Each structure stands twice: as C-alpha cells, then as structure tokens.
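Just dropping this structure here.
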Amino acid sequence: MKILCFFIVLLFVAVHGAVGFSRSPRYHMQCGYRGTFCTPGKCPHGNAYLGLCRPKYSCCRWL
C-alpha cells in the first residue's frame, strides 16, 4: 500500500512538470522603463537595439 501512494505522488509530480514544460519559452524582454521603448520593426536610427519586447517589436534604448 505504501508503494501505491509513492507511485501516485510520483505520477502527480511527473504530470505537473509536463504541464509546465508544454508552455513556450519566453524570449521577450520587458521594455518601456529607464530610457527604453518598444517600437514595431527595427529601432530608429541613433537608438541602441536591446532585444525583442514582443513578436515583431524591438526594444530600443535612447542614446
């Protein structure tokens, strides 16, 4: 009976981990603070590119 409880807990942990793994990874950064802004496409000339803030939007920094 103890081993049955152990397997139920193990199954719960495995399913719980699989649910978290199925989500897509987050590659987007938070932008819009301390001199940064989010703009569609590429950053305007004279601004530094920092990364993506959402799909097809660039996170830029004022220079």
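The backbone N, Cα and C atoms fix where each Cβ goes, and this holds for glycine too.
Given the structure is predicted, the values throughout are model-derived calculations rather than measurements.
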Choosing among Cys5, Cys60, which residue does Swiss-Prot name as bonded to Cys43 by a disulfide?
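If we follow Swiss-Prot, the cysteine bonded to Cys43 turns out to be Cys60.
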For Cys31 (disulfide bond), what is the secondary structure state per DSSP, taken as helix, strand or coil?
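Coil, per DSSP.
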Let me know the DSSP-derived helix, strand or coil state of Cys53 (disulfide bond), please.
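DSSP assigns Cys53 (disulfide bond) to strand.
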